[in-house]
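Worksheet: the structure to be examined is printed underneath.
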Amino acid sequence: MEAEETMECLQEFPEHHKMILDRLNEQREQDRFTDITLIVDGHHFKAHKAVLAACSKFFYKFFQEFTQEPLVEIEGVSKMAFRHLIEFTYTAKLMIQGEEEANDVWKAAEFLQMLEAIKALEVRNKENSAPLEENTTGKNEAKKRKIAETSNVITESLPSAESEPVEIEVEIAEGTIEVEDEGIEALEEMASAKQSIKYIQSTGSSDDSALALLADITSKYRQGESKGQISEDDCASDPISKQVEGIEIVELQLSHVKDLFHCEKCNRSFKLFYHFKEHMKSHSTESFKCEICNKRYLRESAWKQHLNCYHLEEGGVSKKQRTGKKIHICQYCDKQFDHFGHFKEHLRKHTGEKPFECSNCHERFARNSTLKCHLTACQTGVGAKKGRKKLYECQVCNSVFNSWDQFKDHLVIHTGDKPNHCTLCDLWFMQGNELRRHLSDAHNISERIVTEEVLSVETHLQTEPVTSMTIIEQVGKVHVLPLLQVQVDSAQVTVEQVHPDLLQDSQVHDSQMTGLPEQVQVSYLEVGRIQTEEGTEVHVEELHVERVNQMPVEVQTELLEADLDHMTPEIMSQEEREPNHADAAMEEHEDAEGLETKPSEYSQARKTENDRTSLPVLE
């Protein structure tokens, strides 16, 4: 027992805390074990979540709600002030020069709720205010006339038991001002318009503002003599004063008054009412509860974001909020969107569409925001400096790339997106080279043959525009039609590359996507309709007429003849052996008019015409 009692007396090592803090600061500067990146005015600060949460109530609450955020952008705080607060957090040293810089750091510390930094600033202000008052009292006696209780302007103070009287200084330029009853209101308006309230500090609890205090002072001033005269003997010239229509403006300054807005629950004070109002939300007992997972949030915006992200399928959003909104569902990954613009941008990940082009290097992008970021760093653009090589740095792992394509492919590793889609076996890949390797190994496709083919319903192309076409299945060939791409092989038929605006129309999914054969897969639709059959033919009708009409007639004729050459004799003979009543009527009509048409062209045109009448036309 005696041995145990002797071991209870341990020696303390106060330097241990400083050593731990110094090592954490070294790790921050060397970017080791940092798990959060803070963006302030475009500048990135690396830090540790645990250290920030220990020094700031703001970060403590934020990291509780958002635990997986690698990047956090902070608005309303200057870069200079945040750098001082980060240095204070890791070194316990606050090195500030000037009152303006100290004021910015004070506001940032209040916003981030860093109490220790606020205490350090209060100590600094007390040390600097005492010698400052002694030095300025003797110098300003000849220039400024202080207003005492016996004069017309009465000295006022905020309602507080322990606060000292507020000293109001009136600065007047050369000359004499006579204030009469008729002109006192105009003088009050000009004085209130030019007043400068430098510091508002108060120890008591009050919701009154500085403007209310000035109004009270003005009312007591009006209770004095109706006509007063201030001679130039009472004060010296002041260059700060401005003359408006022959009347010198009197500027009132409230010096070193403490914060007006005071929280009675935690004894904190704020200069701005907005910060005070946001702070009071932390004491509110009202919370927003998720009815599905019982998670609670202090702010309504965080609650709504939680519902939209995690419980949209379960009906997390109320019926009132969903009224009038149309849900857009991606047919590739089943992701849901409320806004069609977001849905349209998401589809470009699957289609590979890049409508935004850089005018300098002609590189294309899927989003306009990405193009703007690219323009600021484009080597030949406005944002680049001469003689400097363009580099792209990853903010997550600090990897550097010379080309935008390499940087973009690298970002997929962090986001986890798989934008490259194999339409043959419905597999997704992160990198484009992975998709090309898969096509070569699994499907033996090394190169895609792309040909444009347009077929007409009738043979006289000069009089009728091309509005429909028929494609006969051929293994390993891709037919690219105007605004429509059809890929055909022995296993399936895939229709791709269609304008995504039509995907919002429910008729597309109802009338075209259902009831298709299992071996036929339709990915997109474009200004028209599609009919698929069990046989070896795929009919695509009612294509974009304006795009087809832009082609020369000679090109349309050549494409027509080229496509007819690909027809196999078996299909042609099968169509000739199985004519229907409509075919017989058409033959009699053409014989009467003396038209001579090839059998293959005629049977194919008739087949297309029958298919056109079987489906309604999408608008």
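Cβ atoms here come from the backbone N, Cα and C positions, even for glycine.
Residue ranges 169-191, 238-260, 261-283 are listed, and Swiss-Prot annotates 261-283 among them as zinc finger. Swiss-Prot records phosphoserine for one of S231, S287, S506, S511, namely S231. When Swiss-Prot is compared with the stretches 125-136, 317-328, the one noted as motif 'Nuclear localization signal 2' is 317-328. Cross-referencing 137-148, 197-208, 413-424, 437-448 with Swiss-Prot places the feature motif 'Nuclear localization signal 1' at 137-148.
The feature zinc finger, as given by Swiss-Prot for the ranges 24-47, 288-311, 480-503, sits at 288-311. Across the zinc finger (328-350), the model assigns an average pLDDT of 81. The distance from the Cα of K295 (SUMO2 cross-link) to the Cα of K289 (SUMO2 cross-link) comes to 6 Å. Proximity of K289 (SUMO2 cross-link) to non-local residues of its own chain (separation of 6 or more, Cβ distance below 8 Å) is seen for K295, R296, Y297, W303, given in sequence order.
DSSP classifies K289 (SUMO2 cross-link) as strand under the three-state reduction.
DSSP assignment over the zinc finger (261-283) gives 11 helix, 6 strand, 6 coil. When other Cβ atoms within 10 Å of the Cβ of K295 (SUMO2 cross-link) are tallied across all protein chains shown, the result is 15.
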